[in-house]
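Notes follow once the structure below has been shown.
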Amino acid sequence: MASSTELTLLIIYAVAFYLFIIHRSLQISRDHYTKVYGLRPGWIFHRLNDVSDAQWRNFRGNLTILTLVFGIFTIVATACRKYGLKAKGMAAIWLLVSLTYLLYLHGACVIYILSIASANFLLVKICGRTKFVFLLWIFNLTFLIYNRVYEGYPFSLFGRSWAYLDNYRGTFRWHSCFNFVILRMISFGYDYHWADYSNRFDKEKHIKRCNNCSLGRTCYQLLQERSLESDKFSFTIYLCYLIYAPLYIAGPIVSFNAFASQLDSPHTTHSLKDVVWYGLPWNFSFMLMESMTHFFYYNAFAISGTWKYLSPLDIFIVGYGVLNFMWLKFFLLWRYFRFWSLINGIEAPENMPRCINNCYNLESFWRNWHASFNKWLVRYMYIPLGGTQMKLLNVWVIFTFVAVWHDLEWKLLSWAWLTCIFFIPEMIIKSTTNALKVESSFGKFLYRELSAVAGAITITCLMVANLVGFVIGSSGINWLLSKFLQKEGLPTLGGMFITFYVGTKLMFHISDAKQKRIHNR
């Protein structure tokens, strides 16, 4: 009874909070739209549309051509599979189609992609089965940094006779997409290195525990962990994996083992009906994004720097809105590309399995934000670096790599190191509470309340870290603190904390309901 009363009160507070956020966001956008840039004439009620985010603008503008390309890709792939083509045959077909796609995107810069990829393949074959496999990291990190430093290498760097090729660099910067290719090149190298260690994974034990595999289907983890035959590590399959069209631009990231395993037999985890139903809600999410960008100019405020002149309350609203905009943007991008990959028989991990507003600790947040990248980091960095035994050290190495992987900017390094600092108390508290056994009703109540307070603090830290990393930069930390620690900002800070506390309690109820449903099956 007490639990249902609490849930009712929490829901009432949440509804009131979002109604207030919507009302105030409309006011801010109406009062300040002339001071921001990145707005274009829209199609909803003749309102201006916020297209200030370059990534979203490019995706939205090219959605028709992308759908056409992937539609043709699907028709070709389906026809070839009906003729019984297996791994090498399918890889050759997909490679041909993907190369055509790359020529449209990058023009003459495809030369760079193929050259670096070929050098990596040669390096893998030479040292992939030796103790010098670490050279793969050095090779790929070097190109990760130099690609950014030299902005994709103008052809004029190599002499005047090559300069004319700079007129044929395509429609999309190749070195932006190549960050994902680097992850795939490392995946290929280490999956090749581990191919002789099939005993690393207990297949029978996994099948007994996995709901999909126990029903005769093959889950993603099994596809990734089981070893492949040596003929699967051919140059054709490797190159097809690197530039596989549906996942090339932005992922999700799939390991080489998982990709090559599905060339012979398409995934069995999802039926065609499941895939169609997976794709349909995307249209609703797209319309939600269109409504957001037509009525709430969150990103335009952030890009223009106009929010610095707003009140602390309005700064919080814009900051909260920016994070929700980012989540929805990436949700749409990744789900769109994953949908086309599933249609073509290749399963990749879901990148946004949980909403940003349903994560109250850092660990669950990073498991559910760019989840395929998280799986990649666990497999190729976290476990090789010592796993849980070296967790406090691992997070610094991993998040520094993630920052550099995104771009060479100090604000991203600030984001990475702030996240690591916020991770430390969470890990200490988690290990302490796991050691304590709470038996009494009062003890369980106290533990739940303290967890809700910790969740509110964590959400605040997440907001600060992401705003520093992706919006205001490290130089804006002092400005942000000064805004909220002054007399005018303290009530807003208190309101934020109460709201995040309520949100965390709601997440507890959601989690309890899920556990109850699983238990009743």
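Glycine too: its Cβ is placed from the backbone N, Cα and C atoms.
Just so you know, TrEMBL annotations never went through curation; they're auto-generated.
Feature annotations, courtesy of TrEMBL:
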type	residues	note
TRANSMEM	7-26	transmembrane segment
TRANSMEM	59-80	transmembrane segment
TRANSMEM	92-114	transmembrane segment
TRANSMEM	134-150	transmembrane segment
TRANSMEM	171-190	transmembrane segment
TRANSMEM	235-254	transmembrane segment
TRANSMEM	275-297	transmembrane segment
TRANSMEM	317-337	transmembrane segment
TRANSMEM	382-406	transmembrane segment
TRANSMEM	412-429	transmembrane segment
TRANSMEM	450-472	transmembrane segment
TRANSMEM	492-511	transmembrane segment
Worksheet item: Ranking 171-190, 235-254, 275-297, 450-472, 492-511 by Cβ pairs under 8 Å to the transmembrane segment (7-26), which is first?
Response: 492-511
Discussion item. Using a Cβ cut-off under 8 Å, which residues of the same chain at least 6 positions beyond either end of the transmembrane segment (412-429) come close to it?
Written reply: 361-363, 391-392, 395-396, 399-400, 402-404, 406, 454, 458, 461-462, 464-466, 468-470, 473-474, 477
Item to complete: Mind checking which residues of the chain, 6+ beyond the ends of the transmembrane segment (92-114), have their Cβ under 8 Å from one of its Cβ atoms?
Response: 69, 72-73, 76-77, 80, 85, 152-153, 155, 165, 168-172, 174, 177-178, 181, 236, 239-240, 242-245, 248-249
Fill in: Candidate ranges 59-80, 171-190, 317-337, 450-472 - greatest C-beta contact count to the transmembrane segment (235-254) (under 8 angstroms)
171-190
Discussion item. I'm a bit unsure how to read this: which one of 59-80, 171-190, 317-337, 450-472 has the highest number of Cβ pairs shorter than 8 Å with the transmembrane segment (275-297)?
Written reply: 317-337
Practice prompt. Quickly jot the same-chain residues contacting the transmembrane segment (171-190) by Cβ under 8 Å, restricted to those at least six beyond its ends, or write none.
Written response: 58, 104-107, 109-110, 112-113, 116-117, 120-121, 123-124, 128, 133, 136-137, 140, 143-144, 147-148, 151-152, 233, 238, 241-243, 247-251, 253, 255-256, 373, 376, 379-380, 405-406
Worksheet, complete the sentence: Tertiary contacts of the transmembrane segment (59-80), defined by C-beta under 8 angstroms and 6+ residue spacing from its ends, are 51, 89-90, 93-94, 97, 101, 104, 245-246, 332-333, 336, 340, 343-345
